[in-house]
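Trainee: Annotations per TrEMBL:
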- 295-298, 318-327, E344, 380-381: S-adenosyl-L-methionine binding site (BINDING)
- 1-10: compositional bias 'Basic and acidic residues' (COMPBIAS)
- 19-31: compositional bias 'Polar residues' (COMPBIAS)
- 32-47: compositional bias 'Basic and acidic residues' (COMPBIAS)
- 74-84: compositional bias 'Low complexity' (COMPBIAS)
- 93-104: compositional bias 'Polar residues' (COMPBIAS)
- 168-485: domain 'DOT1' (DOMAIN)
- 1-124: region 'Disordered' (REGION)
Amino acid sequence: MFAKLSERLKAGKNHPSRRNATSTIKVTVQRESNHASGDRDNKRGGGGDKAPSSGTSRESTPLKRARSEDASSPRRSASQSPAKRPSRKNSPRKTPSNALSAMTNHRIRGSAENSEASRFPTPEPLTRRLVPLIEGGDLELVSAAECIKDVPGEWSFGGPLHVSVQLPNKLESYPIWHPKSSGDFAPLAELRTVMEIAASMFPNMELQSRINDPLGGDCIARRFAKAIKKDDQELLNTTIDEFNKLITGYRADLRRFDPIKPEMAHEILTMAYCRTVSPKASQLRDYKSFSNNVYGELLPGFCTKIFNQTGLTKDSVFVDLGSGVGNVTLQAALEIGCESWGCEIMPLASELASLQKTEVEARASAWGLPSGEITLLSEDFVNNARIQGALRRASVVLVNNYAFDGELNNQLLQMFLDLPEGAKIVSLKSFVPPGHTISAHNIESPMNILKVYHREFGHDSVNWTPAAGDYYIAVVDRSRLAAYI
Ligand SMILES: C[S@@+](CC[C@H](N)C(=O)[O-])C[C@H]1O[C@@H](n2cnc3c(N)ncnc32)[C@H](O)[C@@H]1O
């Protein structure tokens, strides 16, 4: 099925300029220096010695500040301090004995070649433009009322009460209801987030602070909290009414960034996840231990970091091999606006991915936000013609291969021969062992076209452990092999 690697290079397919041949060439796993603590990524906002692209705003936005006060969603833990992290009741994260957690402490530590001076290339910063809202809102949303159906909790004002809240392109209904457990879906905390997102879309500070005043002055968000606390239904009605009128009155002036700000993408993705994946999340743990189908998720903050580090832009093609419920595929499409692919073999995960895609697209439309083209395949990625086609155009490939066995990792390596020069593969286990060198006996190995950089993710980056860990970015670089042959 695959042409011999050496023949491909000799034939000039994907051929870089040739250099003088040498007899053996090292293919290295390069390690960034200066990494003292596991959470340095969070502190620096990007990891590594160099600052990441400043494109993703890491300043303290009202959205960000307020988020740390509310603990509504099971998926929000990446941005919270351990003390405030909600319980993981509905999340597959509660699987301490699974293969993923067993492997957490296995790290490929530095080897001689890791001290090499070369650095992972810093991509261009992502540029964002302010553009007007886009029309939409014709797709159905899963209502917040659906999410509280079988969850214990209590109503405010002594009985079932819902309010209709105006999103830029659609009305959304919220039950005024409090969950018993802090890990369960909390519609009021989400409604507060909706107000913050909306505030950030208004064209000036004065209008923004009428909805959400970061300095704690009188504002809609504050009056809303007071109405709930004091059981004041009249205040609730007038406050929601005022919010809705502001949104409709200024609708034509509401602005969004293109690509959208990561904080906004994370919130919208969390809303979709809570409605589609959370109710069945515990069933995702139903896999065979130590198999290729061990389930685990990268959290949104870590994915944003990966997008920045790999220089993903609107014109990129992103592919997640083993995409689970589609989180990363959907995030790349919404947050970056690029063409985004996922492929997942497990039926339940695929079914949830499809539900989640529909919900993310409906929510993006309700907020007047664009999204890249999304393709989710419910198939095996091995020997898959559509995936092979996507890989030929791919800019960034993600493989959360933490629990993949050697055979599957080898099949993936063969697939990487299709990748264009400069494509990047992000993985949790390296595809190239430390100390690998090109030699006559391994000349056909796809490892020879990968230049691997070792990185560390910070605490609360993945959903199977709060601990920090390792990941790898392999860049397709055929020049050293070309020089060898
Ligand atoms: C650890 S999960 C990663 C989910 C997602 N990519 C993330 O990082 O959040 C790995 C997924 O790969 C899937 N998988 C394993 N082998 C596969 C194959 N041959 N084809 C498609 N999916 C596969 C598993 O079923 C599992 O859902």
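Quick reminder: no glycine exception, Cβ is built from N, Cα and C everywhere.
TrEMBL: automatically predicted annotations, no manual curation.
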Trainee: List every residue in the same chain as G326 (S-adenosyl-L-methionine binding site), at least 6 positions away in sequence, whose Cβ is under 8 Å from its Cβ.
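Mentor: Within the chain, G326 (S-adenosyl-L-methionine binding site) has Cβ neighbours under 8 Å at D320, G342, E344, L352, A353, S354, Q356, K357, L376.
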Trainee: Using a Cβ cut-off of under 6 Å to any atom of ligand 1, determine which of the binding-site residues L298, D320, G326, D380 qualify.
Mentor: L298, D320, D380
Trainee: Please report the number of other Cβ atoms within 10 Å of the Cβ of L298 (S-adenosyl-L-methionine binding site).
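Mentor: Excluding its own Cβ, the number within 10 Å is 26.
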Trainee: The domain 'DOT1' (168-485): mean pLDDT?
Mentor: 96
Trainee: Select the most exposed residue of D320, D380, where exposure means the fewest other Cβ atoms within 10 Å, treating these as the binding-site residues.
Mentor: D380
Trainee: Using a Cβ cut-off under 8 Å and a sequence separation of 6 or more, which residues in the same chain sit near S323 (S-adenosyl-L-methionine binding site)?
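Mentor: When sequence neighbours closer than 6 are ignored, S323 (S-adenosyl-L-methionine binding site) has T329, W341, G342, C343, E344, A353, L376 within Cβ distance under 8 Å.
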Trainee: Within 10 Å of the Cβ of Y295 (S-adenosyl-L-methionine binding site), how many other Cβ atoms can be counted across all chains shown?
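Mentor: The answer is 25 other Cβ atoms.
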